[in-house]
């Protein structure tokens, strides 16, 4: 009996035993959709944690557990769809290609035994089947990538609070007795109330600032915090002598001390009294602060001894300035930055002037005390006095030698300093802040003002808004890796699904590799005869002929023209395009 294509047809009883042809496509589609659902669920689940704080270790552990489970279910569903496709295409190969028994064994075990991939017959005659098997083996790898896309990272979380922080207090007259200057912490005084020396505490503070070439840090309100303060404070403003002589800033010298005519000297006269350092090749640095003046004169020797050029002549005055200062603390380590700085007009005062409106009450004494401290630190001279001292240096004990100013090129670059290794070899260039002597002196004075905040003797606490940062663990989700992994898996599964649809249509039914199917497809008397050559354990006892016999799936003719589908020798079965 023939079918419409003229091919032998199966017995009706056998045809009814085959599952519906829609079973395999339905299961492939369902498995693929289930995999897509689990993948989307995995994405949404991890997305719900993104940028959320980690509440507890248990929450973190369960997030990983659930994510791993969803990844496992996703890869399982995709792999199941590919496995069904593999079964459908396996029967296409069995029906179309004659394979040896060994190759058939390898083909049937490609998805369970990696050694099956080395069979040459399968590799040469069933390439697409090998690819489907590889897809089945490799698809589970997506489950290795996706669980790790939810990570935990530490971030600084913050809020603000009001916290007392130090401000400079130029009105400190702690425990004064009798007069407003008798017990001031800023300076020593004469009987008439004139400050003549900065207090030991103030000088000690300036010494620490100068030797460290940096601001003395203040205590952190919190380990990770920041705040800003604004205040008026003193600073030195330095300029070259030539520029100062042309500046109106020095027109007020006579006005400053009009009550003391002996002090009515102009700047050029003061400099002449100071002396031209260029005329003395043995002096490399000298500075002085004329008594009763808001003035410090600084000079360095020439860097070119041949023509006496290259030295600097500086004039420095104390000025009032507005400071905007940012304090940032990271793990308690401070960083102090002047975000805004603006000089105010030159202060018209000397050590015996009356209080002026630019300063807070009693602030004049604080400003003058800081000027006295800076003057004492900068004043003096040093050089090479032709070996008059045991060290070969004159002025080796002056305070300015303990500061980073000695690293400035105006001093260290003088040819004569090579005779003084105690100077030339112990001051690295970075100690000269801002790269020049004038800028370094100004920087020193600003650091001096900021360092007042580190001492409770020269500061007071005021409430300000403090931004607090503290580390906190947050979830961080990386969806790109999830998308790449799952879309790759979906693409492979979809391609396999289309192959499975075609294979099912080609077979004419939904095939599988169940025991009943194997039992049915091996009902062939020829196979029974060949099996007698096999040992009990399945190994061939003969010369290997049976193992090399090529078998193919087709129609076994029996009882005339009615047969059933089974494996048989390639030359004894009838090939059909569909069953």
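Placed from the backbone N, Cα and C atoms, the Cβ positions cover glycine too.
Long-range Cβ contacts of the transmembrane segment (27-46) within its own chain (Cβ-Cβ under 8 Å, at least 6 residues beyond either end) map to 63, 66-67, 70-71, 73-78, 80-81, 84-85, 146, 149-150, 477, 479, 482-483, 486, 489-490, 493-494, 496-497, 500-501. Residues annotated as transmembrane segment in TrEMBL: 27-46 (among others).
Look at TrEMBL and you will find 66-92 (among others) tagged as transmembrane segment. Beyond the transmembrane segment (66-92), the same-chain residues lying 6 or more positions past its ends with a Cβ under 8 Å from any Cβ of the stretch are 24, 27-29, 31-32, 34-35, 38-39, 41-42, 45-46, 107-108, 110-111, 128-129, 132-133, 135-136, 139-140, 142-143, 146-147, 150, 486, 489-490, 492-493, 496-497, 499-500, 503-504, 506-507, 510-513, 553.
Sequence-distant contacts of the transmembrane segment (128-150), counting only residues of its own chain at least 6 positions beyond either end whose CB sits under 8 Å from a CB of the stretch, comprise 42, 46, 49, 63-64, 67-68, 71-72, 74-75, 78-79, 82-83, 85-86, 89-90, 93, 107, 110-111, 114, 116-117, 122, 475-479, 481-482, 485-486, 488-489, 492-493, 496, 499. Summarising the annotation, TrEMBL assigns transmembrane segment to 128-150 (among others).
Within its own chain, the transmembrane segment (481-503) is flanked in space by residues 24-25, 28-29, 32, 35-36, 39, 42-43, 46, 74-75, 78, 81-82, 84-86, 88-89, 91-92, 128, 132, 135, 139, 142, 145-146, 148-149, 511, which lie at least six positions past its ends and keep a Cβ under 8 Å from the stretch. According to TrEMBL, the feature transmembrane segment maps to 481-503 (among others).
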